[in-house]
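A.B. asks: This is the structure, below, for whatever I ask next.
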Amino acid sequence: MVQRCMGWITVASVVTADVTLLFLRLFKQSSSNMGDREYPIILCHGPTKHELIVSGDMTVQDLVVKVEEVTQVPRGHQKILHKGRNLVNSSSNLSQLGVGHGAKVMILGKISPQRTEVEEEEEDKESEAIRKIDMSCTGLETTLNEVITNVNCIERNFDTHSRGEALGRFRKKSLGINEEFMRLLEQLDGLELQENAKVRRKCVVRRIQTLMEKSDRLHDQINNLRVKYP
């Protein structure tokens, strides 16, 4: 009787070992094929759920692109969470991150508002207006730098002929440059812009203000030299 029981225990142990080995082989095969096959995952964006077909060898950056297409959340504003982990900055693929069949992935981020053709045309016009003002600013900056170079030459005594007369011309020119900068600021202030264009305008305004400060320093330098060389 004891021998018979021992026999059954031995058989059971062998069967258990075989089943375990078979399971491990199947799991290994499944894992190795995970990157080759496509499968669905669930994107949860607020109250809305989307089914998305992915593959295990898909990178996170590829997923970011698909998430933008499906949810309309811009790539730079996405947070992609899986089991509490933000995947956006990961360099791994979905298989390595454990995002498998039927996985739920939470998407955080605001939807980019859809623009009409009229709004796009209006934004293009606004951008072009700001670009032209910025180009005018570049031209004035070139002229300003030329005047600064000439005034520095006078200060270093590289030009000894008619210094007072030359300083008078450069003073007049620097005042004209400052007036042009003021005119550009007035043009920028008169533009009615959408939010995106307002950011670009702010950058150009700061540039002009910086150049006007540079022009003011030049004006002070010229006045000091005129006292020295009347």
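Yeah, the Cβs are placed from backbone N, Cα and C, and that goes for glycine too.
Just so it is clear, the model here is predicted, and its values are computed rather than measured.
The feature domain 'Ubiquitin-like' is assigned by TrEMBL to 20-110. TrEMBL lists 172-219 with the feature domain 'BAG'. The feature transmembrane segment is assigned by TrEMBL to 6-27.
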A.B. asks: Please work out the mean pLDDT for the residues of the domain 'BAG' (172-219).
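C.D. replies: Within the domain 'BAG' (172-219), the model's average pLDDT equals 90.
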A.B. asks: How many of the residues that make up the domain 'Ubiquitin-like' (20-110) does DSSP mark as helix, as strand and as coil?
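C.D. replies: Per-class counts: 33 helix, 29 strand, 29 coil.
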